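> Just passing along the structure, written as C-alpha cells.
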Amino acid sequence: MIGYILKRLGLALLVALAVSAIAFFLLRMSGDVAIAIAGEGARQEDIELVRRTYGLDRPLVVQYVEWLWNTLRGDFGTSIYFKTDVATLVFAKLPTTLLLGVLSLGFALLVSIPLGVLAAVYANSWIDRLALAIAVVGQALPNFFFALILVMLFSITLRWLPVSGSKTWANFIMPTIALGYYVAPAFMRLIRAGMIEVLSADYIRTARAKGLPTRKVIFKHALRNAVVPVVALTAVQLGFLLGGSVVIETIFALDGLGYLAYQSITFKDFPVMQVIVLMLSVLYVLLTLAADIANAWLDPRIRVA
Amino acid sequence: MANSSDIVLEVDGLSVDIRTAGGTLHAVRDISFSVKRGETLCLVGESGCGKSMTSLAIMDLLPKAATKTARRLAFAGEDLSRAGKGRINALRGNSMSMIFQEPMTALNPAYTIGNQLVEAYCLHKKASEVEARERAVFLLGKVGIANAAERLGQYPHQLSGGLRQRVMIAMALMCGPELLIADEPTTALDVTIQAQILRLLADLQRELGIAMVLITHDLGIVARIADRVAVMYAGQIVEEGPTASLFNAPRHPYTQGLIACIPVPGRTEPGGRLGVIPGVVPSLVGEVRGCSFRDRCTKAQQACLDAPPVRETADGHRWRCILENAA
C-alpha cells in the first residue's frame with residue numbers, strides 16, 4: 001500500500017510540473033507582460049525599459065526556470081494590479097474556494113447518491129424517470145443561468161438570501177447549490193448504472209440468501225461496490241468544480257480564487273494568473289491522488305496493482 | 001416410519017413462469033416433492049430444465065421477471081407462500097440456507113471472508129462479533145480450511161475457487177440450518193476439487209442431520225450421495241424415487257436415456273460409444289401440451305399428445321409416462 005501511494009505521488013508531481021510549464025508558456029503567448037506592467041498606452045521606450053528591468057527579454061525557458069525556482073522557494077512574485085505579494089493574495093482567497101468546492105461536492109453527493117440508488121432499485125419506474133429528468137435538466141442548464149434563476153427566486157422575489165458577497169454562511173448557499181447541481185447528474189447516472197449492474201451480481205443474491213434486510217443488502221453489499229468508480233469520477237468532477245467556481249464566484253462576487261482568477265485575467269495580472277493555474281492544478285492532482293488511494297481502500301483488488 | 005414432523009421441505013404444485021420478450025416461459029411446471037430431516041434429495045436434469053429456478057423459488061430469490069405459484073410450499077410445516085418478506089428473511093440464512101454454483105462471484109469482493117461469514121450469525125442469533133468469529137473459525141476448520149483464523153482477514157480474491165466454495169459452505173452452515181440447498185456446488189470447480197467438495201457436503205449433511213437438496217447434472221455424484229432422486233425434464237419432475245430403485249429400475253424413457261449416457265468402468269467398452277438422447281429440449285414458451293419428452297422418445301405413441309399419467313409403486317417410486325415400464 002505504501003509503495004502504491006509513493007508511486008502515485010511521484011506521478012502526481014510530474015503532472016503538476018508539466019501543467020505549470022504548459023500554463024507558463026501559454027500565458028506568456030497570450031499577451032505581453034511588459035505592456036501589462038507598463039500600462040496601456042505607455043511609450044515604446046518605457047515598455048522596453050520594463051522588459052529589460054524585469055528580465056523579460058531573456059528566453060522563455062530561462063524565465064520559466066527562474067519562475068519555477070522562485071515559486072518552489074515560496075516566492076510567488078508581486079501582483080501587477082493589486083501591487084501586493086501574490087502569495088498573500090492567493091492564500092487569503094484559497095479557503096473560500098476550497099470551502100465552496102467541498103460544500104458543492106457534498107451537496108452533489110447528497111443529492112446524487114440517494115437519487116441514483118433509488119433510480120437503480122426502482123429502475124424504469126416513475127422514480128427512475130423523475131431522477132433522469134432532474135439529471136437531464138442539471139446537465140443541460142448552463143450553471144451561470146441556473147445561478148441567475150436562483151438569484152431571481154431566492155434573492156429578488158423571496159428575499160431570503162443575499163445576492164452577493166462572502167461575509168456570512170448565507171452567501172454560500174446559492175453558489176453551493178448552483179455549482180453542486182452542475183456536477184450532480186454525472187454522479188447520479190454513474191451510481192444508477194453501477195447499482196443496476198451490482199444489484200444483479202451473484203454476491204447480492206448471496207447476501208439476500210443470508211436473510212439480510214433489503215436496506216443492508218443495498219447499502220452494505222451493493223453501494224460499496226457501485227461507489228468505486230464514483231470515487232474516480234469525484235476527482236474529475238472536482239476539476240469541473242474548480243473551473244466552475246470561476247464563473248459561480250464571479251456571479252455571486254464570492255471572494256475566492258475563482259473570482260481572483262477572473263479579476264487577474266481582466267487586468268492582465270500575469271503573476272497572479274500563473275500562480276492560480278499552478279495552484280488549481282496542484283490541487284487537482286492531489287485530489288486525483290486522494291481518489292486513487294480511496295479507490296485502493298474501497299476495492300481491495302486494486303491494492304496489489 | 002417417518003411422520004409428517006420429519007418433513008423439512010414440502011413442495012406441492014410449484015410452478016415458475018418467466019416473462020420474456022417472446023411470451024411467458026414456463027420454467028417450472030407443477031412440481032411436487034418433499035425432503036425429510038437427514039435426507040438428501042438430488043434434483044437432476046440437463047441445463048435449462050428448471051432445477052435452479054426450483055431452488056431459487058424455494059428460497060424466494062427468483063429474478064424480478066419470474067413469478068411463482070404453488071399449492072403449498074412449506075418449510076418445517078410453515079407455508080412459505082403465505083409468509084411475509086420479514087418472515088422469509090428470518091428463515092433465510094438461518095434455518096434454510098443455500099450454496100451457489102459460482103464460488104468465484106458469490107462472495108462480495110469488497111469485504112473480508114470474516115465479515116461475510118459473521119453477518120448472518122450476528123443478525124439471526126443476535127450474537128456478538130466475537131462469538132460469531134469463533135463460530136466462523138470452528139466451521140472453517142470443519143470444512144477443511146487450514147489457518148482458519150488468518151483466513152478471516154482475507155478477501156475473496158485471495159482465495160482459490162475450491163477454498164471459496166468451502167467458505168460458502170461454512171457460511172451456509174453458520175446458523176445451523178435445517179435445510180441446505182446446494183445448486184450445482186461443484187460445476188465451476190476442477191474435477192479433483194469437485195470430489196473433495198462433494199464428499200465434504202455429504203459428510204456434513206450426515207453429521208449434522210440436515211435435509212439437503214442437491215442440484216446437479218452429474219448422475220455419478222447422485223448415485224453416491226442421494227437418498228432420493230428427482231429427475232427433471234422441461235420444467236417437470238418426470239421420475240422420482242429412492243436412489244437404488246431409480247438407478248436399478250428406471251421407469252421413464254428419459255431417465256433410462258440419462259443412465260445410458262453414464263460411462264461405467266467394466267461395462268462400457270473402451271472406445272465404445274456412450275448413449276445419446278437424440279433431439280433437443282422443447283421450447284417452454286407458451287402452452288406446453290402432452291408429454292414434453294415425446295419428440296425425443298423412441299416409444300412415443302399417439303396417446304403421448306395428452307398429458308401422461310403419474311404412476312407410482314409401493315416404495316414411493318413415481319414417474320410420469322403412459323407406459324408402466326418403458327424398458
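Along the chain as shown, residues are numbered 1 onward.
Cβ atoms are placed via backbone N, Cα and C, with glycine included.
What you are looking at is a predicted structure, and each value in this text was computed from that prediction instead of being measured.
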> Tell me which of A:168-187, A:188-207 corresponds to the transmembrane segment entry in TrEMBL.
A:168-187
> Among A:98-123, A:168-187, A:226-252, A:272-298, which stretch has the highest count of C-beta pairs below 8 Å with the transmembrane segment (A:130-156)?
A:168-187
> Please report, as numbers and ranges, the same-chain residues at least 6 past the borders of the transmembrane segment (A:272-298) whose CB is under 8 Å from any CB of it.
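Non-local partners: 1, 4-5, 8-9, 12-13, 15-16, 19-20, 23-24, 27, 67, 71, 76-77, 79-82, 86-87, 89-90, 94, 224, 227-228, 231-232, 234-235, 238-239, 242, 257, 260-261, 264-265.
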> In terms of Cβ proximity under 8 Å, which residues at least six beyond the ends of the transmembrane segment (A:98-123) contact it?
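For the transmembrane segment (A:98-123), the list is 131-132, 134-135, 172, 175-185, 187-196, 199, 218-219, 223, 226-227, 234, 237-238, 241-242, 245, 248-249, 254, 256, 258.
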> Cβ under 8 Å, sequence separation of at least 6 from the ends of the transmembrane segment (A:168-187): give me the contacting residues as numbers and ranges.
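Non-local partners: 99-101, 103-109, 111-113, 116, 134-136, 138-139, 141, 143, 146-147, 150-151, 154-155, 161-162, 230, 233-234, 237, 240-241, 244-245, 248-249, 251-252, 254.
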